[in-house]
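Below is one structure, written out as structure tokens; the observations come after it.
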Amino acid sequence: INNWVRVPPCDQVCSRTNPEKDECCRAHGHAFHATCSGGMQCYRR
């Protein structure tokens, strides 16, 4: 099972700090950020 989900609106924070990336994921209803390879990927809750 893939627990990552693409969150395109968070792509713009990929160059920022990890806490900012986590916050963007949370703002979109996810747990925290996984990776920005190919765009923001957040872990599902």
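Indices start at 1 and increase along the chain as displayed.
Cβ atoms here come from the backbone N, Cα and C positions, even for glycine.
Listed in Swiss-Prot for this protein:
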DISULFID  Cys10-Cys24  disulfide bond
DISULFID  Cys14-Cys36  disulfide bond
DISULFID  Cys25-Cys42  disulfide bond
Cβ contacts of Cys25 (disulfide bond) (under 8 Å, same chain, 6 or more positions away): Val7, Cys10, Ala31, Phe32, His33, Met40, Cys42, Tyr43
Cys36 (disulfide bond) versus Cys24 (disulfide bond) - Cα distance in angstrom: 12
